[in-house]
Amino acid sequence: MGKTIRFGVSLDSDLLEKFDKLCDEKSYQTRSEAIRDLIRNMLVEKEWDEADGQMAGTLSLVYDHHQSGLSQRLTELQHDSHDLIMSTLHVHLDHDNCLEVMVLKGDGKQIKELAHRLISTKGVKHGKLGLTTTGEELV
């Protein structure tokens, strides 16, 4: 194990308040412990994501459709990868927020790249890729 290094994190005050409540619910002694676990979870997911070949899955995005240009940018990214997107469901969660769920099928690496591009688009509040098998290799 390497040496401990301190670094700063800037967060919206509302997000920090929710994070602190979550830390209390999960019995974390410090924010640092919770952040370490979050980082570890992301690293484990990265290991899982390195599998290649044909995959299927879902990608869920939550975003504020009022944010300037965001809906158009997300649509452009989806059209650029139309061959991977089998279906899209768009739900109005409330006056401001939308949930978009995409069913994906194709090369695992391409699916992951698309998901990363969409999730990292400025203005996306939350995104989650769930991968599964196409079933072709299952008996």
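Placed from the backbone N, Cα and C atoms, the Cβ positions cover glycine too.
Here Swiss-Prot flags H79, H90, H92, C98 as Ni(2+) binding site. Other Cβ atoms within 10 Å of the Cβ of H79 (Ni(2+) binding site) number 9 in total over all chains.
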Which same-chain residues, if any, lie at least 6 apart from H92 (Ni(2+) binding site) yet have Cβ under 8 Å of it: C98
